[in-house]
Amino acid sequence: MTRHGKNCTAGAVYTYHEKKKDTAASGYGTQSVRLGKDAIKDFDCCCLSLQPCRDPVVTKDGYLYEKEAILQYILHQKTEIAKKMKAYEKQKQALKSEGQLESKSEERERAEKFKQRENNIVSKPINPFTSEKSKDEGSQKGSSSSTSSDTGASSSSSALPSFWIPSLTPEAKPTLLKKPSKTVLCPMSGCPLKMSDLISVRFTPLDSSLDRVALLTRQDRYVCAVTKDTLGNSVPCAVLRPSGVVVTMECVEKLIQKDMIDPVTGDKLKEKDIIPLQRGGTGFAGSGVDLKAKEARPVMQA
């Protein structure tokens, strides 16, 4: 369809292009945009700084970080947890003191009620010379006082708090803080993260004679430590825990898993020592990475 055909508004059919254009202009409905290459992280970039790593470390889940950036993140999270714990302990002490005051006031009320009940047990002497008229008058007075008290209670219960009188304004109770968790979580996977869990990574450069600046300007920077295949987002990689070298998953499946020996250090490997490296997308749908960004907006319902 040509450009003039897309902008044509004289047609009898409401086309998909017109609907998409009107949805973007109206501000309603969920919008989805396909991510370009600039929005995709390279396999050797830090998940926090999004820059090529100088001193890379990897977690157990395969997320690559710059060592300085992830250590700053862990220290920042620990200080935030300490602040939250301090606020929680302060709230706990305040609630405890309030509970003690309430318990003391309840004890006083119980003592006063007990005294009133003890005083009511002593009966007054009955005068046999009183007439029945006085009894009737007393009963009428009691009934009138009870009705007046009932009406007063009903009026007080029906009275709503006034927002203009300071003494009658409703009070806003402070929100209670929950006890914070002391574990630091990984910013990508959400799993518990410790400094001891970080594994140093050693990339094998394509040309060892180049310095760091010249190496970063090239698109193909690193190769597999065993097969010397070029590494990239389209090549699944893995990190070996004992040596920290990066190899391709093809090398792991065809060579390393046969003997389960680290080809660099010669150490015996276990299944948990082979850490698949999380990589960015390649621009193709089969890369296993979600390449669409969605923005949820209000929806008009009929």
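Using the three backbone atoms N, Cα and C, a Cβ is placed for every residue, glycine included.
Per-residue pLDDT, averaged over the domain 'Nitric oxide synthase-interacting protein zinc-finger' (4-78), rounds to 82. Positions annotated as domain 'Nitric oxide synthase-interacting protein zinc-finger' by TrEMBL: 4-78.
The region 'Disordered' feature in TrEMBL is assigned to 94-159.
Summarising the annotation, TrEMBL assigns compositional bias 'Basic and acidic residues' to 99-118.
Under the heading compositional bias 'Low complexity', TrEMBL lists 140-159.
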Would you list the DSSP helix, strand and coil counts for the residues of the domain 'Nitric oxide synthase-interacting protein zinc-finger' (4-78)? 29 helix, 12 strand, 34 coil
